[in-house]
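What TrEMBL says about this protein:
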SIGNAL    1-16  signal peptide
DISULFID  Cys102-Cys134  disulfide bond
BINDING   Tyr106, Lys108, Tyr125, Asp132, Asp314  alpha-D-glucoside binding site
REGION    198-253  region 'Disordered'
COMPBIAS  204-248  compositional bias 'Basic and acidic residues'
REGION    341-406  region 'Disordered'
COMPBIAS  345-367  compositional bias 'Basic and acidic residues'
COMPBIAS  368-388  compositional bias 'Acidic residues'
Amino acid sequence: MRTFAVLLAALLAVNAEVYFQEGFKDDSWQKTWVQSEHKGVEYGKFVHTAGKFFNDADADKGLQTSQDARFYALSNKFTPFSNKDDTLVIQFSVKHEQNIDCGGGYLKVFDCSVDQKDLHGETPYLVMFGPDICGPGTKKVHVIFSYKGKNHLINKDIRCKDDVFTHFYTLVVRADNTYEVLIDNEKVESGSLEDDWDFLPPKKIKDPEAKKPEDWDDRATIPDPDDTKPEDWDKPEHIPDPDATKPDDWDDEMDGEWEPPMIDNPEYKGEWKPKQIDNPAYKGVWVHPEIDNPEYVEDKSLYLREEVCAVGIDVWQVKSGTIFDNFLITNDLEEAKKAAATVKDTQEGEKKVKDAQEAEERKKAEEEAAAEEAAKDDEDEDDEDEADNALPGEATEVEVEGHDEL
């Protein structure tokens with residue numbers, strides 16, 4: 001049994017593939033990533049940095065957006081592959097260091113037809129995956145697949161992280177047409193590709209030939225035919241105010257005939273309606289029968305991407321400062337989980353440095369405020385000394401400054 005387990009592990013290791021990996025550890029990324037030059041767009045610049053706070057100044061370097069209110073478009077091509085009969089894992093990390101208010105933090109995956117120099121928002125893609133934030137209303141993880149020339153959004157809401165620290169986003173697509181979404185190695189959503197996207201027409205549709213029978217009574221209750229309106233029911237809704245009196249200065253000739261104002265009638269009961277009783281002919285709610293949809297055709301290859309060839313960042317950001325890092329495309333989920341397992345240490349290091357920076361900033365601000373207050377006190381003391389030392393009838397400098405006519 002142990003031998004079998006060892007052989008299985010070895011087989012899985014042989015079949016494990018890393019199709020693309022990028023950690024931006026040095027400047028070599030400049031030779032492999034291509035900046036779009038699409039006409040009519042002023043693209044923002046990416047800078048290679050670990051940001052303002054980090055766990056490891058070198059290991060945490062990624063590509064950071066650096067200009068506000070800009071589009072960003074950068075991509076990298078690699079050896080093409082197909083995920084036929086295999087698992088596809090797409091993973092990367094995002095750090096919204098700027099506390100982003102509105103902007104994308106997702107990636108896109110392309111086939112080999114992508115023109116990297118002309119990459120833009122309308123460029124066809126295979127997969128779009130990652131966080132998108134805009135105000136308090138939009139904080140979601142996009143999972144969009146292209147299928148037969150149309151982009152399909154997931155039918156579920158997946159909330160993204162909205163703090164300023166690094167987070168790993170992982171998409172797993174399996175050959176059995178199931179998927180998972182993980183954030184920081186924790187599963188946040190999963191299910192069936194067919195169920196959670198509108199790739200295919202519904203399996204069942206309402207029978208167009210079926211109609212509710214004319215004698216079908218779907219009223220749960222009906223008015224009681226034996227109920228009658230009480231004889232004293234009908235009362236006016238408004239009546240003249242019995243306590244009102246004609247003003248003393250009212251002139252009938254000038255003002256017309258005086259009439260008391262109207263008030264709500266306390267005896268008014270509203271429109272009479274017979275009481276409701278159970279309907280003896282009630283048959284329940286009529287349910288439209290369904291039939292198999294003749295347009296539905298099962299597709300067992302919804303997961304399949306025949307040619308995966310490039311990955312890119314194609315986003316708009318109002319406030320820049322997002323760091324993209326740790327790109328990984330593989331068929332080995334365990335390899336991805338191993339890479340993302342570092343996120344807790346990274347977050348703890350970032351928080352530690354950020355807290356220290358904020359403490360130093362508070363200390364500096366307090367010292368500056370204290371120095372400003374001390375300078376103000378010294379100035380007040382000098383003014384008081386000058387006033388005390390002045391001879392009788394002699395104007396002080398402060399008094400002179402306050403009287404231009406002197």
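For all residues, glycine too, the Cβ spot is worked out from N, Cα and C.
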Rounded to whole angstrom, what's the largest C-alpha distance between any two of Tyr106, Lys108, Tyr125, Asp132, Asp314, listed as binding alpha-D-glucoside? 17
Contact set, same chain, for the compositional bias 'Basic and acidic residues' (204-248): CB under 8 Å, 6 or more residues outside the stretch: 258-265, 267-269, 272-279, 281-286, 288-293
Name the one residue among Tyr106, Lys108, Tyr125, Asp314 whose Cα is closest in three-dimensional space to that of Cys134 (disulfide bond); these are the binding-site residues. Tyr106
For the compositional bias 'Basic and acidic residues' (345-367), the number of residues DSSP places in helix, strand and coil: 23 helix, 0 strand, 0 coil
Taking the centroid of the Cβ atoms of Tyr106, Lys108, Tyr125, Asp132, Asp314 (alpha-D-glucoside site), which other same-chain residues have Cβ within 8 Å of it? Gly104, Leu107, Met128, Phe129, Gly130, His142, Ile144, Gly312, Ile313, Val315
What is the number of residues in the region 'Disordered' (198-253) that are helix, strand and coil, as DSSP sees it? 2 helix, 9 strand, 45 coil
Among the binding-site residues Asp132, Asp314, which residue has the fewest other Cβ atoms within 10 Å of its own Cβ? Asp132
Which one is closest to Cys102 (disulfide bond) in space, judged by CA to CA distance, out of the binding-site residues Lys108, Tyr125, Asp132, Asp314? Asp132
Restricting to the same chain and to sequence separations of six or more, state which residues have a Cβ under 8 Å from that of Tyr106 (alpha-D-glucoside binding site). Met128, Phe129, Gly130, Pro131, Asp132, His142, Val315
When you measure from the Cβ of Tyr125 (alpha-D-glucoside binding site), which residues in the chain that are at least 6 apart have a Cβ under 8 Å away? Lys108, Val109, Phe110, Val114, Ser146, Asn151
Test of understanding: give the count of other CB atoms lying within 10 angstroms of the CB of Lys108 (alpha-D-glucoside binding site). 27
